[in-house]
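Asker: Sharing a structure here in structure tokens format.
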Amino acid sequence: MFKKDSIVAIATPPGKGGIGIIRVSGNLSVKIAKIFLKRLPKEKQAEYIPFYSKNGNTLDQGIALFFKSPKSLTGEDVLEFQAHGSPVALNFLLQEILSIKGMRLAKPGEFLERAFINGKIDLIQAEAISDLINSCSIQAAKSALISIRGYFSKKINNLILSIKKLRMKIEVDIDFSEENFNKISIECIKHDLEKIILNINKIQCSFNRGAILKEGSKIVIIGKPNSGKSSIFNILSGNNNAIVTSIEGTTRDILHEHIYLDNIPLHIYDTAGLRKTDDKIEKIGILRALKEIKTSDHILLIVDSNIDKSNDINLIWPKFNSNIKNKITIIRNKIDLSKEIPEIKIFKKNNIISLSAYTGEGVDILIKYLKDLNCLLLNEEGCILARTRHILEIKKAKNNILNAKKLLNKYNLSDFVSEELRIAQSCLEKILGINNNSNDFLNEIFSNFCIGK
């Protein structure tokens, strides 16, 4: 599906630079080349030639590239002028090209929109290009590049294919069976549904890791009053925002710092000391601390090694909720007083780090541990930098698959199962942009790009 009009835009950032690129796409690309280059460059070959005005005056000299449809970024004829990065010269050449009848200035993201419309990329890949441009770390850039190369798209396409095959199997049963499903069919379909749900769960886990990569994991520091929580918070955040005193209950509200470890974002939360208290303000702080614990990715439980001699979390904190024990690291602080050595070890599946926030002994162990922890959270089967629409559509698809499973278990109703699968397939196709080419929808996606992309 080619668009009839031709577009042009400066494809490099505003301002002076070593190079400035003007990109043209559409049927007029050949005509533009003959006017402003005096000839059509060889296809896919960089040529160093003069750039001319309409009147034949030399404007600049640089590299010209021509890509013939459909073997181009947009799927249309594409011409690029790679000139010196002078804003004045670039704008003059741009205005000259725009003066040719049938040429117009490209809208933000329109080159990529045409690439999508012409089947060169899907919506996931287009959005991943935006994620790559806006990435704040090497890891985020790598993850975006994986999606550009089709990793996420392949996962969704495989799900769609699985659902299509299952729908065909069900519809054959409907056509050739007097009753609904026989026992063999039911077991086969149940197995296929379970497999689809499992693959959706894996994708959702990749979404969670992608969110950590993009937004940062949440590390909550907890412990009894005066155990050294705020001192460790200050060390990790690199400042002294938390007040440190020997008075119990000094921290009464949540303190939050956003830091980077090896270019991976990390959110550190300092909380009120957890204890029984009659102080109304301190009680509010403790309730807020408990709320942060529930939404954390990992917990650092700070203990005073000079008082708490045990490494067993059940003895340190007997009433602690059992379902979050697996994401707790025990930090044995104040080893300068207890005379323990700085180290990391494992006791009953909990990592234990011995350090002194006062002297700095063992702090390097904690920093390295947090870096490794981030890598562990991110490296399981890859990360997907998911958009809100991806998350919502995959959730809808999963709900439809679960509904299909319930209908199969309870009623053996083939028509209803097939319909739930059809809706699930439609949700997954929306992620790729299949059968969803309305102007409003595409404008919402591509208007976030810069002009020239």
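Glycine is treated like the rest: Cβ placed from N, Cα and C.
Feature table excerpt (Swiss-Prot):
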- R23, E80, K120, K453: (6S)-5-formyl-5,6,7,8-tetrahydrofolate binding site (BINDING)
- 216-375: domain 'TrmE-type G' (DOMAIN)
- N226, T245, I247, T250: K(+) binding site (BINDING)
- 226-231, 245-251, 270-273: GTP binding site (BINDING)
- S230, T251: Mg(2+) binding site (BINDING)
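A description of the local structural setting of each listed feature is requested, covering burial, neighbours and distances.
Answerer: In the three-state DSSP scheme, K120 ((6S)-5-formyl-5,6,7,8-tetrahydrofolate binding site) falls into the coil class.
N226 (K(+) binding site) carries neither a helix nor a strand DSSP state and counts as coil.
Other Cβ atoms within 10 Å of the Cβ of S230 (Mg(2+) binding site), summed over all protein chains shown, number 25.
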Asker: Between N226 (K(+) binding site) and R23 ((6S)-5-formyl-5,6,7,8-tetrahydrofolate binding site), how far is it from one CA atom to the other, in Å?
Answerer: 62
Asker: What is the Cβ neighbour count of A272 (GTP binding site) at a 10 Å cut-off, with all protein chains included?
Answerer: 27
Asker: Whole-number Å distance between the CA of S230 (Mg(2+) binding site) and the CA of R23 ((6S)-5-formyl-5,6,7,8-tetrahydrofolate binding site)?
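Answerer: One finds 54 Å between the Cα atoms of these residues.
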Asker: To the nearest whole angstrom, what is the C-alpha distance linking R23 ((6S)-5-formyl-5,6,7,8-tetrahydrofolate binding site) and K229 (GTP binding site)?
Answerer: 55
Asker: Comparing the binding-site residues R23, K120, K229, which residue's C-beta has the most other C-beta atoms within 10 angstroms in this structure?
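Answerer: Comparing the binding-site residues R23, K120, K229, the most crowded Cβ belongs to K229.
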Asker: Which whole-number value in Å describes the distance between the Cα atoms of E80 ((6S)-5-formyl-5,6,7,8-tetrahydrofolate binding site) and K229 (GTP binding site)?
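Answerer: Checking the Cα atoms of E80 ((6S)-5-formyl-5,6,7,8-tetrahydrofolate binding site) and K229 (GTP binding site) gives a distance of 57 Å.
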Asker: With H, G and I counted as helix, E and B as strand and the rest as coil, say where DSSP puts R23 ((6S)-5-formyl-5,6,7,8-tetrahydrofolate binding site).
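Answerer: Once the DSSP labels are grouped into three classes, R23 ((6S)-5-formyl-5,6,7,8-tetrahydrofolate binding site) ends up as strand.
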Asker: For a quick check of packing: other C-beta atoms within 10 Å of the C-beta of E80 ((6S)-5-formyl-5,6,7,8-tetrahydrofolate binding site), how many?
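Answerer: Here the count is 22.
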